[in-house]
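Going by TrEMBL, these are the annotated features:
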DOMAIN    A:228-352  domain 'ABC3 transporter permease C-terminal'
DOMAIN    A:669-788  domain 'ABC3 transporter permease C-terminal'
TRANSMEM  A:226-249  transmembrane segment
TRANSMEM  A:269-296  transmembrane segment
TRANSMEM  A:325-349  transmembrane segment
TRANSMEM  A:370-388  transmembrane segment
TRANSMEM  A:394-422  transmembrane segment
TRANSMEM  A:443-463  transmembrane segment
TRANSMEM  A:671-693  transmembrane segment
TRANSMEM  A:714-741  transmembrane segment
TRANSMEM  A:761-781  transmembrane segment
Amino acid sequence: MTAAALSALWSYWRRNPIQLFTLVAGLALATALWSGVQALNAQARASYDAAAAVLGEGRFDQLVPRVGETIPQETWLALRRAGWQAGPVLEGSLRAGQSRVRLVGIDPLTAPGSAGPVTQAGEAPLQAFLSDDVIFAHPEIAEALAATLPQTVVEDPGLAPGTALTDIGVAQRVLDRPGELSRLILEETQPRGRPPLDRVAPGLVERPSQQTSDIGQLTDSFHLNLTAFGLLSFAVGIFIVHGAIGLAFEQRRAMLRTLRTLGLPLRRLMVLMGLELAAIALVAGTIGVALGYVLAASLLPDVAATLEGLYGAQVSGALRLHPAWWLSGLGIALLGTALAASGAFWRIARMPVLASGGARAWAVAAGRRRGVQAAAALLLMLAAPALLAVGEGLILGFASLACLLIGAALLLPSLLDLALAAGERLARGVRPAWFWADTRQQLPGLSLALMALLLAMAANVGVSTMVSSFRLTFEGFLDQRLTAELYASTDGSAQAAALQDLAAARGAKVLPILSIESRLADRQVEIRGLRVGPSYTETWAFLARDGDVWDRVAAGEAVIVNEQLARRADLWPGDRLTLAPDHRLPIAGVVGDYGNPNGQVVTGEDLFRDLFPEVRATRFGLRSDDPEQLRQALVGDAGLDPGQIVDQSSLKSFSMGVFERTFTVTAALNVLTLAVAGFAILMSLLTLAGMRVPQLAPAWALGLTRGELGRLELMRAGVLAALTLVAALPLGLALAWMLLAVINVEAFGWRLPMFLFPDDYARLGALALAAAVAAAVWPALRLARTPPSALLKVFANEA
Amino acid sequence: MRLEILPLLVLLAVPLPAAGQGFAGMGTEAQGFAMPKPDPSFTFPADHGAHPDYRIEWWYLTANLEGPDGTPYGLQWTLFRSALAPGEAEGWESPQIWFAHAAVTTPKAHYSAERFARGGIGQAGVIADPFAAWIDDWRMAGESLDNLALRASGESFAYTMELRAEGPLVFHGEGGYSVKSAQGQASYYYSQPFYRIAGALTLPEGEVEVSGSAWLDREWSSQPLAENQTGWDWFSLTFDGGAKLMAFQLRQTDGGTFESGTWIAPDGATRALGDDALAATPLATTEVAGRAVPTRWRLEVPDRHLDVTVEAINPAAWMDTSVPYWEGPVRVRGSHEGRGYLEMTGYE
C-alpha cells in the first residue's frame with residue numbers, strides 16, 4: 001500500500017513537470033540568496049576576528065597617541081619602568097607588487113596574553129620572531145611580499161587579509177621607523193601602585209577595548225542590511241514555493257481522496273507526503289547552496305571593497321566556508337519548505353474524505369481567505385508606525401520595515417480585486433466584460449507572484465531612491481568640504497614650516513588641519529581646530545544652528561558638532577559640551593558629516609591651540625589660484641614627496657569611487673530580487689495555463705480565435721503587472737523614507753534628505769512591465785497553439 | 001600556535017623540549033656559548049654584571065622575614081638572563097632575553113608575578129658598578145652589592161626592601177666552580193648569604209613592616225644539567241648559631257641523585273660537601289597544582305652531625321609562572337634549629 005501510495009504521489013510530479021520545476025527552482029533560489037548573503041557575512045566576520053586577534057583590539061585596552069600616529073619607544077620604556085604592563089605595536093603599510101600590505105610589528109615577550117596568531121604549531125615561532133627575520137603573512141600577499149623584502153616570508157592563513165606580522169625590530173627596519181611605535185596594548189591585569197598615565201606619558205590616551213567605533217559594531221549595520229536583503233529574497237522565494245505546493249495539493253485532492261478511500265490511513269499519507277517534500281527540499285537545497293556559493297564568490301570582491309572603503313575593514317577576497325555553512329543552507333531549505341507547506345498540510349489533515357477537488361474550488365477558497373488576509377495586512381501596516389513610536393534601534397527599524405512590506409503584500413490581492421471590479425463595471429461590450437471578469441477569476445492563482453513582484457519593485461524603488469538621494473547629498477557634501485585645491489601632509493614640523501613659508505610667499509592660503517583624539521560625552525571623538533575663513537563660512541551647511549555660528553566659533557565661544565555626535569549623545573544647539581575642565585562651551589551648530597563613522601567636534605583655531613598646545617599641524621589644505629605651480633614648488637622647493645600632495649579632484653573621485661562600490665552589492669541583489677519575481681510570474685502563468693483550458697474553451701466556442709485568446713492573455717499579464725506597479729510606487733517611496741530617516745540614522749548616525757527621481761521610476765516600471773509581459777509570452781503562445789481538439793475535449797468531457 | 005605559550009619557549013631555548021633534556025631545557029647542547037672552566041678567577045664588581053657569552057645566568061634573592069607579630073614571611077626576587085645566541089647587540093637585534101619572578105609567601109597565601117623583556121633596548125639588564133639589576137619597575141640596585149634597595153610589584157602584592165651585607169661573598173664548589181653532574185657539567189656559582197633585610201610588604205590585607213635575613217645567589221653557565229637530570233631540590237638554610245648550609249640534589253631519570261653543598265661558618269669560611277657527604281630524603285608530599293611535591297624533608301650531613309627536618313611554612317608556595325616550580329620559606333628542626341628557603345623543580 002505504501003509503495004502504491006508513493007508511486008501515486010510521484011506520478012503527479014511526472015505529469016506536471018513544470019510545477020515540479022517551479023517548486024525546485026523557487027526553493028533553490030530562496031536558498032541561494034539566503035545562503036549567499038550568509039556566506040558574505042561569515043567571510044567578513046572571520047576577517048574581522050582575525051584582524052582583532054592580531055591587534056588585540058577586541059580584548060585589550062590600548063594606549064594611543066593623543067596627537068599624530070607615533071609613540072617614541074622611550075615613552076613605552078618609561079611606562080614599563082613605571083610598572084605599566086603594555087606591549088608595543090608598530091603598524092605601517094608598504095607596497096608589495098600590486099597589493100598594499102599592512103605590516104604589524106609586535107614584541108612577543110610583552111604582547112598581552114594571546115595577542116596574535118603566529119604560525120601553525122610545530123615550528124619554532126619564537127626563534128623566528130626574535131632572531132631569524134621572519135615575516136608571517138596572509139597567503140594572498142605572501143608571494144608579493146617575499147619578492148619585495150629580503151626577509152623570509154611564511155604564509156599564515158590565520159592572519160587577517162592584507163596583513164603581515166613580524167617582530168617589532170624587523171618592522172622598524174622594514175618601515176624605516178627606528179625607535180617608533182604606533183600604539184601600546186595593555187595587559188588586562190596591571191600591578192599595584194603604578195603611577196597614573198598622565199604623569200608617565202601625558203602624550204598618550206587610553207582607548208578602551210570595546211568602543212562604539214569598533215569595526216565589528218560599525219560594520220554590523222552593513223551586515224544587517226545584507227541580511228535584510230537576504231531575508232527579503234528568501235521570502236519572495238518562499239512565496240513561490242508556497243504557491244506551488246498549495247496548487248499541487250489542491251490538484252491532488254482527488255487522488256488523495258482515492259487513496260484515503262482505498263484504506264490508506266491519514267497519518268501515513270501525511271508522513272509520505274512529508275517525506276516526498278523533504279526529498280524535494282534536499283535536492284533543491286543542494287542546488288541552492290551551490291548557487292549561493294557562486295553568488296557569494298562573485299559578490300565578495302565588491303563587499304570587500306565596500307567594507308574597506310567605508311570602515312577600513314579588511315576582508316579576504318577568497319571565499320572559505322565552514323561545513324556548517326553548507327548544512328545551514330540545507331536546513332534553511334527544509335525549514336522554508338515546512339513553512340510553505342504547513343498550510344497545505346493543515347488543510348489535508350482536516351479535509352473531509354469525500355470533499356470535491358479541483359482548481360476552481362481552490363480559487364473560491366482563496367477568495368474566502370482574502371478577507372482574513374486583508375485584515376491581517378491592515379494590522380501589520382498599523383504595526384509598522386507603532387513599532388517606530390515604541391522605541392529606537394536598527395532591529396526595530398527593520399522590524400517596522402518588514403511589517404510595512406509584508407502588510408502591503410498581503411493587502412495587494414484585495415486592492416487588485418477592487419481595481420478589477422471597477423474595470424468590470426466600466427467595461428462596455430461582452431468581450432471587455434469577459435476579460436475583466438476572467439482576470440478577476442485568475443487573481444487567486446496569480447496573487448502570490450504579483451505579491452513577489454510588488455515586493456521586488458518596491459525594494460527597487462526604495463533602495464534606488466535612497467542610493468540616489470545619498471549620492472546627491474554626498475556630492476554636495478564633498479563640494480562643501482573639499483574647498484582647498486591641494487591637500488598636503490608633512491612628515492614633521494620642519495617640513496610643515498617650510499610648506500607654510502612657501503605657500504605664504506606664493507600667495508596661497510594655508511588651512512592647517514589640527515586634530516586630536518579625545519573622549520567627550522563618554523564617546524571617542526575627534527576634535528578639530530579650524531582657521532575660520534571663507535573656505536568654511538561660505539560653504540558649510542548646518543542642519544541646525546543657533547545664532548551666528550562662525551563668529552562665535554572663531555571667538556572661541558562655541559563649538560560645532562557633527563550629526564553623528566549630536567544624535568548619539570543628544571547634543572544640539574544650545575546644549576553645552578565640556579572640552580576641558582574649565583571649558584564648557586555651547587554648541588552653535590550641527591553639520592552633516594557623511595561617510596564618517598565617528599563623532600567630531602569643531603573649534604576655532606585659537607581655542608584649539610590654547611587647549612592642546614602640544615598639537616602641531618602636519619596636514620594642510622592649500623587654496624591657490626595656480627595649484628599646479630604650487631604643487632611643483634612644494635615638491636621642488638619644500639622637499640615634499642609627490643605622494644604627500646593630493647589634489648581636490650582626485651580626492652573627490654576617490655571618495656565617489658568608494659561610494660559607488662558601496663552600493664554595487666545592493667544593486668546586484670536588487671536585480672536578482674526582480675528576476676525572482678519575474679520567474680514567479682512566469683511559473684504561475686504556466687501553471688494556470690493548463691488549468692484554464694476548460695474556462696477558455698467556451699470563449700473559443702463563442703468565436704474568439706486562439707490568437708485573440710493569446711493576445712488577451714498577454715494583455716491580462718500587462719494589466720495585472722501595471723496595477724501592481726501602481727501600488728508598488730507609494731510602497732517603494734515609503735520604504736525609501738524609512739531607509740533614509742530611520743535605518744540610516746540608526747546604522748550610520750546621519751539622516752539624509754529625500755529626493756525623488758521620476759525618470760528612474762518610469763524606467764524601472766517599464767522594465768518590470770516588460771519582464772511581466774515577457775514572462776507571459778510563453779504561456780500565451782502555448783495557449784494560441786492549443787490544438788482545437790484539446791479545446792473540444794472540454795465539451796466531450798461535459799457530455 | 002598562539003603567543004601565550006611563547007614565553008615558555010624562551011626558557012626552553014628551542015627546539016621544543018623532549019624527555020631527557022633536563023628541566024627547562026637546561027640539558028641541551030651549548031653551541032657557540034662559553035663554558036665554565038675549573039679554577040675560576042672572579043673580578044668584582046665586574047662579575048656581578050651580566051655574562052652574555054654564557055647561555056643562562058641569574059641573580060636570585062630569597063629572604064626569610066618576620067612581621068611585628070612574629071608571623072613568618074618569605075620573599076623572592078629573581079632576574080634570569082637567557083641567550084638565544086652568545087654575545088650582545090644594541091636594539092631589538094640583541095639575542096638576550098630577560099625574565100624575572102617575584103613572590104611573597106605568607107603562612108596562608110602565596111603571591112607571585114612574572115616579567116619578560118628583550119635585551120638591547122633598556123627594558124631590563126644588569127650593570128655591575130654601581131650595581132643595578134632591573135626589569136620594568138622591578139629593581140635591585142645600590143652603590144655596591146653590599147647595600148641594595150629592592151622592589152617589585154604584582155597584581156596583588158608589592159614590596160620595597162633595604163639590604164645590607166654583614167659578611168663576605170661565599171664561593172661554592174671549588175672556588176666558585178660548581179660541578180652539577182658526574183659527567184662534569186658545571187656552573188660558576190657564588191652567594192652573598194649574609195644580608196640583613198628590612199622593609200614593607202604590601203599585601204591584599206594591608207601593609208606589613210618586616211625584617212629578617214636574605215640570601216643572594218649568583219650563577220651562570222651554558223649547560224648546567226646533564227641530559228639525564230630532570231630537576232633539582234635546593235636548600236639554603238640559616239641556623240640559629242649563625243652557620244649556614246647550601247645543599248642541592250639533582251635528580252636523574254634512573255632514580256639516582258647527584259648531591260652537592262657548602263657548609264658556611266658564621267665568619268664565612270666554607271667547606272664544600274661532596275656527592276656522598278649529604279643526603280636529602282622526602283618525608284611527606286603535598287598535592288600542589290595537580291602534582292605531588294615533597295614539602296617535608298630529612299636532611300643529613302653526618303660530617304657536621306646535622307640531622308634535621310625541613311618543613312615548608314606554606315606547602316602551597318607554587319610559582320605559577322611560564323615554567324612552574326615550587327619555591328618557599330622553610331622551618332628547620334632537629335639537631336639544628338633555623339629557617340631557610342627551599343626550591344624544587346621538575347615535578348610533573
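Including glycine, each Cβ sits where the backbone N, Cα and C put it.
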Same-chain residue ranges lying at least 6 outside the transmembrane segment (A:714-741) that approach it to Cβ under 8 Å: 397, 400-401, 404-405, 408, 412, 415-416, 419-420, 423, 435, 438-439, 442-443, 446, 450, 453-454, 457-463, 465-466, 469-470, 681, 685, 751-754, 756, 761, 765, 768-769, 772-773, 775-777, 780
Beyond the flanks of the transmembrane segment (A:671-693) by at least 6 residues, Cβ under 8 Å: 16, 18-19, 21-22, 25-26, 29, 33, 229, 232-233, 236-237, 239-240, 243-244, 247, 251, 295, 359, 442, 445-446, 448-450, 452-453, 455-457, 459-460, 713, 717, 721, 767-768, 771-772, 774-776, 778-779, 782-783, 786, 790-791, 794
Contacting positions for the transmembrane segment (A:394-422) when only residues 6+ beyond its ends and CB under 8 Å are counted: 220-221, 224, 228, 231-232, 235, 370, 373-374, 376-381, 383-385, 387-388, 436, 439-440, 443-444, 447, 450-451, 454-455, 458-459, 720, 723-724, 727, 731, 734-735, 738-739, 742-743, 746-747
Per-residue pLDDT averaged over the domain 'ABC3 transporter permease C-terminal' (A:669-788), given as an integer: 82
Secondary structure content of the domain 'ABC3 transporter permease C-terminal' (A:228-352), with strand meaning DSSP E or B: 107 helix, 0 strand, 18 coil
